[in-house]
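Colleague: Quick one: the structure is below, questions incoming.
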Amino acid sequence: MSIFVTSFTTAAAFLANVVSNIIAIQCFGIFAALAIAANLAMMVTIMPAIVVVSEAYSACAYCPCSASTFGAIFRIPKEVYSWMAARYKNVFHTAIPIVIRRAWRFCIAIGLAIGLAALVIVFYRPALKPPTTQEFQLFNKDNLLEKWDLDFKNRFPAEIAYANKQQRIVVTILFGFKATDPGNRLNPDDKTKSLSRDAIFNVDHNETVDWLRTFCNSIEKAPFKGSRSQVVSCIVSNYDMYLFVVNFACSMVYRMTPSTNKTLWYTKRDRFVTRCSGRTEMDLLSSCVEWLHQQRLMHRLIKPFISQRVRIFRTGSPVYNKKSNDSFIFGYRLDVLTNLSYSLSYEDMHTNYDIMSSFMKTQLKSAPDGLRSGFFSGNHFFEFYDLQHSLVTGTMTSVGLSVVLSFLVLLITVRNVLITIYAMLTIVLSIACTVASIVLMGWKLNIVESITIMLAVGMSIDFTIHYSVVYQLSRETTSADRTRKSIERVGSSVAAGAGTTFCAGAAVLNCSVDPYRKLGVFLVLVIVFSWVYATFFFLSLCHAIGPVNDVCQIPSPITLIRPRKQRSGVALS
């Protein structure tokens, strides 16, 4: 039963990673859950057959009446196994039960104190922080390839000046599109670059034009707008001047002759005249403007109406469908140079993002239906912040969801409230100690660290669940006897599993590749803390508080069905 419970809880913990916004973490969670499911299938099918064959062969090889040379070879390993079994028996049948029986108060107090201190380290100070550099460290600090980014770069004045140079954030505001990602969320190589159009966006409505005028005026008065730039790109908002420019262009089109390619010009002119003939003013706004932008004449026509002292940052424009000859305006784009400084600091960029987000939310409350889907994009300025924010929020969300799913699975299988609470408390404290250790080691919350933290949930569950299942299935009448039986029955197997994983992690501690080395450090830490907390803290709680008999036990659905059948059988008789 413990194999099923540990497999289900660990798989559920890994599947919780699908809530992350980072595709690599999502794929890793799905892969880990499928690997655990495959391991469970092999454990319940192939492993029993191997054990049966092994026992049959061992009985023949170790038979005293067999004097074969092949059987004699295995006598030395058998003696070693007998010696190790005796040592195991002394440790798990005598030493650890005595420690728990005599020092359970000390184990609980120390476990709670260290766990609470670890929670303070993780969430308060120094806290688990996102990365502050965009360079991904691939090798150890002693590697020559990494010394440039870690040491040498800060010794060159040009690099220092470039790093300290304040870059102003450019914000692009889009209307007529939905802020959705059409790409495949489980394919890191999917580079789909397209926007979903908002079908109800229509720039020909007077209400839309009036609101855009108000919106542009709000940007002019916004505190984040750069002082040396003026938004002259609200073409639709300057509607009166814009219609005048369009009418002026329609009347002057026959007089304008480029210096080259007259045939192409007249062809485009005829198309322009065809589009402009028989149209209303709003039709001119959606057709002639497109032609003016295609011919790059808009700036030449508007320039006389703009003061030469005003610095033009960019010219926003309506968005058209390049794949269609239709002159329908799909959306509107507006670029704004802000006075917000770009930084690699998560706190500073989070403040900048909140300023823009609160401004957009306030403005969109009064927007017409076709403009409420508007959103802003920081181009490449918010890319690193997006990664930082996804790591901070996604990691904590995945860990919390993993703990909740593990709690539900354990509660359904064990069906005891107290044991489930003890197990979850043990798991949370062991995870906190593991994460606090890597925080004190100076690790930042990058992708590798995020994956290791999510691994901590799945790996910290195993040992505690083994003890909890055996404790619940024990037929002893006291909590002390149940605790002793739990150690005697699965203590050695839990220690063996911890030892093998510990050795696997210790084997890569000297690896020159930094992610592998960090994975080894993580395996060592999570195994040590999870085994210590499961063996001493969890079993001390069970020894001190219980439960015994049917205390806080949830009745099985089968036991609820059987009395009904018995009562129905008695009634029929």
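For all residues, glycine too, the Cβ spot is worked out from N, Cα and C.
As listed in TrEMBL for this protein:
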type: DOMAIN; residues: 1-53; note: domain 'SSD'
type: TRANSMEM; residues: 30-53; note: transmembrane segment
type: TRANSMEM; residues: 103-124; note: transmembrane segment
type: TRANSMEM; residues: 391-412; note: transmembrane segment
type: TRANSMEM; residues: 419-441; note: transmembrane segment
type: TRANSMEM; residues: 447-469; note: transmembrane segment
type: TRANSMEM; residues: 490-509; note: transmembrane segment
type: TRANSMEM; residues: 521-539; note: transmembrane segment
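Provide an account of the burial state, proximal residues and distances for the features listed.
Modeller: Proximity of distant same-chain residues to the transmembrane segment (30-53), defined by a Cβ-Cβ separation under 8 Å and at least 6 residues beyond the stretch ends, is recorded for 3-4, 7, 10-12, 14-15, 17-18, 186, 455, 458.
With a cut-off of 8 Å between Cβ atoms, the residues of this chain six or more beyond the transmembrane segment (103-124) that come close are 428-430, 432-433, 435-437, 439-440, 533, 536-537, 540-541, 543-544.
Taking Cβ pairs closer than 8 Å, the transmembrane segment (391-412) reaches residues 5, 8-9, 12-17, 19-22, 25, 29, 130-131, 346, 419-420, 423-424, 427-428, 431, 445-447, 450, 453-454, 457-458, 461, 465, 468, 554 in its own chain, all 6 or more past its ends.
Sequence-remote contacts of a segment are chain residues at least 6 beyond its ends whose Cβ falls under 8 Å from one of its Cβ atoms, and for the transmembrane segment (419-441) they are 111-112, 114-115, 117-119, 121-122, 126-128, 399, 403, 406-407, 410-411, 449, 452-453, 456-457, 460-461, 464-465, 468, 471-472, 521-522, 525-526, 529-530, 532-534, 537-538, 541-542, 545, 547.
Tertiary proximity for the transmembrane segment (447-469) is limited to same-chain residues at least six positions away from its ends with a CB under 8 Å from its CB atoms, namely 1-2, 5-6, 9-11, 13-14, 16-17, 20, 22, 24-25, 28-29, 32, 36, 391, 394-395, 398-399, 402-403, 406, 410, 413-414, 419-420, 422-423, 426-427, 430-431, 434-435, 438, 486-487, 490, 493-494, 497-498, 501, 515, 518-519, 522-523, 526-527, 529-531, 533-535, 538-539, 542.
Beyond the ends of the transmembrane segment (490-509), by six or more residues, the same chain brings 2, 88, 91-92, 96, 459, 462-463, 466-467, 470, 516-517, 519-524, 527-528, 530-531, 534-535 to within a C-beta distance below 8 angstroms of the stretch.
Below 8 angstroms of C-beta separation, residues 96, 99-100, 107-108, 111, 115, 422-423, 426-427, 429-430, 433-434, 437-438, 441, 452, 455-456, 459-460, 462-464, 466-468, 483, 486-487, 491, 494-495, 498, 501-502, 504-506, 509 of the same chain, each at least six residues beyond the ends of the transmembrane segment (521-539), sit close to that stretch.
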Colleague: I'd like the per-state residue tally for the domain 'SSD' (1-53) from DSSP, helix first, then strand, then coil.
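Modeller: Final tally across the stretch: 49 helix, 0 strand, 4 coil.
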